[in-house]
């Protein structure tokens, strides 16, 4: 019979000299303990029981080498959130959000609220992707209603995670990074979902523009934050855009495909083009404000970023994504984007989410962004396949690109969250008790 975990720990305790135990306790070195009938592994003073994944699974989704240096972690610890401005509907929505957060149990971690909202938004959008893979089909009416509810749930939970953190005294730089990271991924699914809902796949150029414009604007919002150190909100911002999209989902549920295909009198364009034109106006308006800050609002030396780098340096990352996406779209001999727009947007969307997360990390750690990144491996494979006359089926390479991009995004996010949580001595999805019992010696 194998000895129990408790007996093993007891034997190890007896075999360890008292001075050695005191030294390990003082330095926070790797040690084992028992708490509440559950074996606990402590490394650098952090209780790893805050992680849900088994050891083997965690190693698979965690990079072997640290991403953040000791100096970056130190600057992250000193980071303070800064924002300015208020959108048009925010004062009205604040009443609802304040009411909602009071209904949240105090033991629910803010990051858990955020991830539940993100998962809800992703699931409801994937339902639309299942029914409308080319963004031209008619989905069941309940699918559009489900997406409207899913986006509203995401908006609500995303708005109260910070309030829950302050309410439970668990605010940390990890919470800010986790929130923005989930937003970067949610943006991909939101722009894809609404493009499907209005059946924009019949106009592939417009669909490409709308989806990549959404990703680009979200990136620019954090680009100007990297330059100025402050996240700025406009009169028309994310809250208003999300409510507008919810209304479009409801219209799709009521009117069906006939609504978006019906022509508008006088101007003689289909209804589905109206959301695309609204996107174009939003891009012009938002980018004007963003680039005004980028070119004139640098708080570093000689007007540089907060990291002391060029204010134009982040353009290389998002520019590479958009240029590669456009080249592959236009060069494809099998009409890859036209036939598989959802897979295409997701494959490049995961890359966009990854580099946006890197930008947020660079801002919070006051460090430089490096261009070389494994995220570009997937798009690079698509580009090389086309360069060599598509000797491998482009559809197969697209799937490989999507899987690689998603895996790289997940590995990066898991690794960064692990490193920050370990450094700050906190858990990602649990609220650490104010006073914890020490491990048995």
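Placement of Cβ uses the backbone N, Cα and C atoms for every residue, glycine included.
Curation plays no part in TrEMBL annotations; they are all automatic predictions.
According to TrEMBL, the region 'Disordered' annotation covers 1-30. The transmembrane segment annotation in TrEMBL covers 107-132, 139-157, 206-226, 241-261, 273-291, 311-329, 341-361, 396-414.
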With the greatest number of Cβ pairs under 8 Å to the transmembrane segment (139-157), the stretch among 206-226, 241-261, 273-291 is 241-261
Counting Cβ pairs closer than 8 Å to the transmembrane segment (311-329), the top stretch among 206-226, 241-261, 273-291 is 206-226
Lying 6 or more residues past either end of the transmembrane segment (107-132) yet within Cβ distance under 8 Å of it, the residues of that chain are 138-140, 143-144, 146-147, 149-151, 153-158, 160-162, 164-165, 168, 170, 174-175, 178-179, 182, 185-186, 189-190, 192-193, 196-197, 199, 201, 342, 427-431
Practice item. Please check if the transmembrane segment (341-361) comes into contact with the transmembrane segment (206-226), where contact means 3 or more CB pairs closer than 8 Å and the residues in each pair are separated by 6 or more positions. Key: yes
Same-chain residues at least 6 beyond the ends of the transmembrane segment (241-261) with a Cβ under 8 Å from one of its Cβ atoms are 89, 138, 141-142, 144-145, 147-148, 151-152, 155, 190, 193-194, 197-199, 270-272, 275, 278, 282
